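Participant: Heads up, here are the entries from TrEMBL:
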- CYS378, CYS382, CYS405, HIS411, HIS414, CYS417, CYS437, HIS440: Zn(2+) binding site (BINDING)
- 320-329: compositional bias 'Polar residues' (COMPBIAS)
- 373-450: domain 'Recombination activating protein 2 PHD' (DOMAIN)
- 318-338: region 'Disordered' (REGION)
Amino acid sequence: PTGVFHFDIKHNHLKLKPAVFSKDSCYLPPLRYPATCTFKGGLESEKQQYIIHGGKTPNNELSDKIYVMSVVCKNNKKVTFRCTEKDLVGDVPEARYGHSIDVVYSRGKSMGVVFGGRSYIPSAQRTTEKWNSVADCLPHIFLVDFEFGCSTSYILPELQDGLSFHVSIARNDTIYILGGHSLANNIRPANLYRIRVDLPLGSPAVNCTVLPGGISVSSAILTQTNSDEFVIVGGYQLENQKRMVCNIISLEGNKIEIREMETPDWTPDIKHSKIWFGSNMGNGSVFLGIPGDNKQAVSETFYFYMLKCAEDDVNEDQKTFTNSQTSTEDPGDSTPFEDSEEFCFSAEANSFDGDDEFDTYNEDDEEDESVTGYWITCCSTCDVDINTWVPFYSTELNKPAMIYCSHGDGHWVHAQCMDLAERTLIQLSEGSSKYYCNEHVKIARALQTPKRVLPLKKPPLKPLHKKGSGK
């Protein structure tokens, strides 16, 4: 229900297992295209925190919320997370996706930096035909204090255009912004910006420098091979044209150097695919995915590859994995094309502090899923029980289907409890229209359709007669 999974590869077999959250966690919706980064918490018990900002919600709306996720318990090959929502005050970044969030450290203090992304056009300009039209966010830099929840925006003259799906590299008090896609101009400029943040006792100081030697790329994957070296893999250089060249980025002091590296021996499937996606797996490894052949009678799978980047070259170690996730959409018919990363990893392989990785699937842990969103009391007549539930829809595997109600701050309900036909459930899941559950549909209708008020009938005025006048 949250879109957060433990990811494990062993003996060329891919496993995904839903993450377990503590009972005091807030609900974390399954967001698409959010910005994520790691953050060193101040408490000893929270050595590693994960910051999640923005993204698309299941109802195809954009989120402006910041979530902080940390490990609260780790034993017997099971990790329990705690997720809290961070309220912001000040110049709060508008809801967006396809942006970046990084953490800078200066003078013993830390600050989050939000930049770029796309957002829906203003409400006054949204029509039925253009309801989901997006535009570039303004090229503002937002500094976010994770401790006090304060956010401040900065306008830098060097940043003229909004960018999304760019590459960001954070190191100490500096962030490098590379490439990206400008939706307004439909170009991928060869940008290279250096943003430096100074955190003295008073107000922060933010400055930007335009550097030469940038690259034109969007939706690229960044992996770190050593303390001073990164590798850029994948991405797009033109619409529907993948960027097959890889680059090495070297950082030394205040200098950054970008150079091409030997191209990996891509498989024919990767070369011919129009779409690819993936993310950094840590330790110089990149996980790539492409859609399978969807011309078959059955729905296609996705094929995944592991690419290991060495210090000076890229190994030809591209092992193929398949999974059971299917898609009925022809990637060639996806118009308009939009840069995307279908999934991302917010933690490196060694970030869970220990050698006992998740290489064993423990069926006894399944009972812990009772604390997740599937097993809830969604309404007063909800009869879904974790101990007695059986699949009701053909689309269900081992969890009840849920649908998002847009009333208020939104909440999840079971499709079976709402008496939804399977055809209706599929239509609602594929569309972008708002849905209201049985308990809130009348409220929603009342807000959308004002009650009809009948005009008052005014009786005709009668002339006044004086008493005793006889008239």
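Each Cβ is built from the backbone N, Cα and C atoms, and glycine gets one as well.
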Participant: Reported in the order helix, strand, coil, what are the DSSP residue counts of the domain 'Recombination activating protein 2 PHD' (373-450)?
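Facilitator: Its residues divide into 17 helix, 8 strand, 53 coil.
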Participant: Return the count of C-beta atoms lying within 10 angstroms of the C-beta of HIS411 (Zn(2+) binding site), excluding that atom itself.
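Facilitator: If we count other Cβ atoms within 10 Å of HIS411 (Zn(2+) binding site), we arrive at 18.
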Participant: By the count of other Cβ atoms within 10 Å, pick out the sparsest of the binding-site residues HIS414, HIS440.
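Facilitator: Output over binding-site residues HIS414, HIS440: least Cβ neighbours within 10 Å is HIS440.
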Participant: Just checking, which of CYS378, CYS382, CYS417, CYS437 (binding-site residues) has the fewest C-beta atoms within 10 Å of its C-beta?
Facilitator: CYS382
Participant: Average the pLDDT scores across the domain 'Recombination activating protein 2 PHD' (373-450) and report the rounded value.
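Facilitator: On average, pLDDT over the domain 'Recombination activating protein 2 PHD' (373-450) sits at 81.
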Participant: Any same-chain residues 6+ apart from CYS405 (Zn(2+) binding site) with CB under 8 Å of its CB? Would you list them in sequence order, or say none?
Facilitator: HIS411, TRP412, VAL413, TYR435, TYR436, CYS437, HIS440
